[in-house]
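The structure appears right after this line, and notes come after that.
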Amino acid sequence: MAMNYLEAFPKELREYYKNLFGKEEANKIMKKLREPVEHYYIRVNTLKISREKLIGELKKEGLKPLRSPYLPEGLYFVREGPNFSDDFEPKLPVVVANKYAAESVYQGAMLYAPGVLKADKNIKEGDEVQIRDPKGLLVGIGIARMDYKEMTEATRGLAVEVTLPKFKLPSLSELKAFEKGYFYPQGLPSMVTARVLEPKEDDVIIDMAAAPGGKTTHIAQLLENKGEIIAIDKSKNRLRKMEENIKRLGVKNVKLVQMDARKLPDLGIKADKILLDAPCTALGVRPKLWEERTLKHIEATARYQRAFIWAAIKSLRRGGVLVYSTCTLSYEENEGNVKFMIRKGMKLEEQSIFIGSPGIGMNKVQRFYPHKHLTQGFFIAKLRKVKDI
């Protein structure tokens, strides 16, 4: 029997959420975290195509894109599902997928052999099977395309063709429109983040944790490929992936720098605008079949973030702007660190687009909640440097 949605969160995290949001809200948030986003967003790459033209292209592929009411470059698709209830018990042989593969199947992806942990020994190619995560949650039903032995031993190939996932999001990366760089799959709050930065072409702009490039390429698009954005990431592989995205999207005004962003002041640049999408506990990411992080992860990560924040503040000119964002729900990584910034000579500013909720005991910052905004859990703050410390 699979655990219910509350059991998917460590007890101390459940208590933490209850204290932070109140019991009723906390339960609603945790329930939604277990599901994929209801509205799956993509950003129209207006460097290459208009929103209306892309809608036409996608409709030709049998898709049903809808216009975002908030952003002229936003389109979204409505999630399908749930296709079966939590207590549905099909009488079928079982394939167990690892957490990552199970989360993908749960949203409509196929199951490939590397994602198979174990399987019933009587499974033959062509059999109908059920797919469960390692903790017993039913994520989908499909047809075995390998027998038991092959799917548990092979390092590549399709193990199960998924015919009935729990939920279904559109599969977009195979589309011609994707290859041509007409769009980038990106959540609504992430798009709002780049808009809140309000980039101008004569600004010195730094994106401090840039790869794989969603927000950087959005800023480039808002600048119509003018000016320059310095994009920093310490991972060579992630920067390689970012380079592919930049090329696909036709972005021309980004300079990639491989370095630890905590050492940003060593470059001696005084920026007008800095975007810091900080490394975080990712407590707001959906779907989460189960959560493993606890309070000690929250506390350690909030401390770790301060090294990036301090580097950003030192690298801003006086009067410069920092937009700070996370995909997490904790107070310490969000409002707690905004208080740290204020102590270090920063002042909170109004955001040009505000479609989330106010912060916890703090106005001008915006929070996105899974149960209220049908998005990931997300946080955005905009601050201006008013004094040097």
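We number each residue from 1, going along the chain as drawn.
Even glycines carry a Cβ here, placed using N, Cα and C.
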* To do: Let me know which member of D202, D260, D266 Swiss-Prot also records as binding S-adenosyl-L-methionine at the site of A209, A210, A211, P212, G213, G214, K215, D233, R238, D277, Y304.
  => D260
* Per-residue Cβ crowding (10 Å cut-off), top of binding-site residues K215, R238 -> K215
* Structure fact -> For A209 (S-adenosyl-L-methionine binding site), the three-state DSSP class is coil
* **Helix, strand and coil counts within the domain 'PUA' (92-167) (DSSP)** => 17 helix, 30 strand, 29 coil
* Asked: Around D277 (S-adenosyl-L-methionine binding site), how many other CB atoms lie within 10 A of its CB?
  -> 23
* A211 (S-adenosyl-L-methionine binding site): tally of other CB atoms within 10 A of its CB -> 23
